[in-house]
Amino acid sequence: MARIARGHLIPALSILPTRSCLSANPSPFASRPHLAAVLGSRRRFSCSSRLSMSLKAGIVGLPNVGKSTLFNAVVENGKAQAANFPFCTIEPNVGIVAVPDPRLHVLSDLSKSQRAVPASIEFVDIAGLVKGASQGEGLGNKFLSHIREVDSILQVVRCFEDNDIVHVNGKVDPKSDIDVINLELIFTDLDQIQKRIEKLKKGKARDSQSKVKEDAEKSALEKIEQALLDGKPARSASLTDFENDAIKHLCLLTMKPVIYVANVAESELAEPANNPYVKEVMNLASELKSGLVTISAQVEAELTELPSEERTEYLISLGVSESGLGNLIRATYGLLGLRTYFTSGEKETKAWTILAGMTAPQAAGVIHSDFEKGFIRAETVAYDDFVTAGSFAAAREKGVLRSEGKDYVVQEGDVMLFRFNV
């Protein structure tokens, strides 16, 4: 018997690139077209194309760059010890952060929902490392194993001077800091790839299909090996889709998308472009085809100590309009090419995350596999149309509700009600 996905009216709001407008630009990312956003709900894609219940971003950096201070700030209940000495974060600290999205509350109010459940992002504070981590120096081995488990890397780079906070290398040098971490990741990948190439040479494909896959993997590994030997990340290698699929199982560290987080002093937050260190990081990020976000970890820490009503006033006094958390999340979404959709009903309004390009059945499967297996159709309405109509029933009466089939690609702002068989 056909059933309707109730409990959640399934509104699909794909969060496009950015990090607060609600009707003209409903997406919190709409103002930053160079970023693309969307969260994931039940499948992890750190080593595959699938999404997890919570997107996982690893915060890394050399000791004393502000990494744990930032983690503590963005995760209100973070337990990392932000101390002025290396290796104070021995085990990874994990914190779940709600993704700010004003559309969620608009839908919740319209549907008179009992609760609103935002999408989330999981931040992991990973132990600091030093030069030689790939050979086990410092906490290198722990660092490298933990970083392999995340979907994206947020590398905090120190862009401020402070004589009271000792830099592990004796001076503030963003390029050197970035090179240290990048080279350790490159060395680790190179070792893994060379061992894999040797194994493939000794092995023999069982059948023609396996041989095609192995040939694709060998081709990809050769291209990546050359890139690594040139000091470039694996993601810089030009691979076909088939080659990309062939090496996904290796979970290479330098295939992971990276966002450089330039940590500046409070006084430079309003005009970071005037900071020569930030300019240096900006150029490196462009060269390495990575993202860049400028924040002040100290300001983020101070914000957590203020009542919510005083935070906006404090930010305005510094010459900025919002905290760095939104920018950080938007950049992460954009880098991973994500979209967000909502379900909205009397019980709850909930934000879900999908990859850009997912079809209606795939989006339904993020909620429950039965929704995807028994998918019949998705009654769909754009976010703006839903808000204007005020309800699913009113949208149907106004003729703005569409019936979409299995090939429909979920769009930003879609509100969807799935019909399925079980």
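In case you wondered, yes, glycine gets a Cβ from its N, Cα and C as well.
Over in TrEMBL, the protein carries these features:
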DOMAIN    55-337  domain 'OBG-type G'
BINDING   N64, V65, G66, K67, S68, T69, V264  ATP binding site
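In the structure as shown, the Cβ atom of V65 (ATP binding site) sits within 10 Å of 26 other Cβ atoms. In the predicted model, the domain 'OBG-type G' (55-337) has a mean pLDDT of 84. Of all the binding-site residues listed (N64, V264), N64 has the fewest other CB atoms within 10 A of its CB. Set side by side, the binding-site residues S68, T69 differ in how many other CB atoms lie within 10 angstroms of their CB, and the most is found at S68. The record assigns N64, V65, G66, K67, S68, T69, V264 to the ATP site; their largest pairwise CA distance measures 15 Å.
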